[in-house]
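For reference, Swiss-Prot has these:
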- 31-205: domain 'EngB-type G' (DOMAIN)
- 39-46, 66-70, 84-87, 151-154, 184-186: GTP binding site (BINDING)
- 46, 68: Mg(2+) binding site (BINDING)
């Protein structure tokens, strides 16, 4: 079966949940495909989601980092979902709340079998903080591919941007093919075709294609 092209503009809000337990209550089960978006609270995660789906308010943006406290789920179709995980690591968020978020993030990465890929968003000017590395390590340990997305790339000159991209790729080289690194700008659209190509690949894992082929009637 040939791989089709996913139209990410079709994304629509499905549900919000405070943690993975509540997520399991409302979703149709740990089935289909999910792609998670994770990042520090000032990494531009909501803006990236809105840019990739060409919807100005799919994910709510705020000038106050740490505003997104829930797991927000968006449906692409009956089988595929985008999951906006709580922002992590913002200093002004109370410690108890930060710990709650960290627990939810860890539970999701370790328990969600339908997770097909994780986008870890990092401000290109401040990449690979401790929590970013922890997210990447968690995902790879669970054999989940990662896209390390260096956001706000328009903030740097071309030479500085590529220097940072190459440095991050070098720092993550030990993870091999499990981790890809790409620059991205929600404002300028830089990197959008490449990111959508990776997400589309994650939306069509071989096991899902095989299952759909078995369900299709023979010609």
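Indices start at 1 and increase along the chain as displayed.
Each Cβ is built from the backbone N, Cα and C atoms, and glycine gets one as well.
Separation of the C-alpha atoms of residue 152 (GTP binding site) and residue 46 (Mg(2+) binding site): 12 Å, rounded to the nearest whole number. In this structure the alpha carbons, written CA, of residue 46 (Mg(2+) binding site) and residue 39 (GTP binding site) are 10 Å apart. In this structure, residue 86 (GTP binding site) belongs to neither helix nor strand by DSSP; it is coil. All chains included, 17 other C-beta atoms sit within 10 angstroms of the C-beta of residue 70 (GTP binding site). For the recorded site, residue 70 (GTP binding site), the DSSP three-state label reads coil. There are 17 other CB atoms within 10 A of the CB of residue 42 (GTP binding site), with all protein chains counted. Long-range C-beta contacts of residue 39 (GTP binding site), restricted to its own chain and to partners at least six residues apart, with a cutoff below 8 Å, comprise 45, 87, 88, 119, 120, 121, 122, 132, 149, 151.
The average pLDDT computed for the domain 'EngB-type G' (31-205) is 90. Long-range Cβ contacts of residue 184 (GTP binding site) within its own chain (separation 6+, distance under 8 Å): 48, 121, 149, 150, 151, 153, 190, 191, 192, 195. Under the DSSP three-state reduction, residue 46 (Mg(2+) binding site) is assigned to helix.
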